[in-house]
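Just below is one structure, and these are the notes that go with it.
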Amino acid sequence: MISYQTEGVKMPDIKKKETTGWIKEVAACYGKRVGEIAYIFCSDDKILEVNRQYLQHDYYTDIITFDYCEGDRISGDLFISLDTVRSNAEQFEQPYDRELHRVIIHGILHLCGINDKGPGEREIMEAAENKALALISL
């Protein structure tokens, strides 16, 4: 099951049914099934609080993914800062909806085992994001 929640922000204008189907389709491409996924859309202040409290990182970010996966079933809590998504969309001259969906699927790709911190991994993640974005009409 995939749930969409907010904390201190207005729910973004996403097509939940279509987005949920897309997430399941992308997960299946990696041989994964969707378990319990919770998206928590929040502000920069909230994501900074979560980053400090749970990861001991003192900076803003667009997404924090807590991985609760078991076997081929992906589960997790995904905090997304709508403030950072908006500023990234402006910085990279992307439509807000495309940037939001990029971040939504970024967390799923992490749960599917794709990393983006090591040498060459960022490029692999970006290619996976672009492949996934091609599967949804925005």
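Glycine is no exception: its Cβ is also placed from the backbone N, Cα and C atoms.
As written in Swiss-Prot, here are the features:
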{"type": "BINDING", "residues": "His106, His110, Asp116", "note": "Zn(2+) binding site"}
Structural state of His106 (Zn(2+) binding site), classified by DSSP into three states: helix
Zn(2+) site shell beyond His106, His110, Asp116, criterion: Cβ within 8 Å of Cβ centroid: Ile63, Thr65, Gly107, Leu109, Ile114, Asn115, Met125, Glu129
Chain-internal residues, separated by at least six, CB under 8 A from Asp116 (Zn(2+) binding site): His110, Arg122, Ile124, Met125
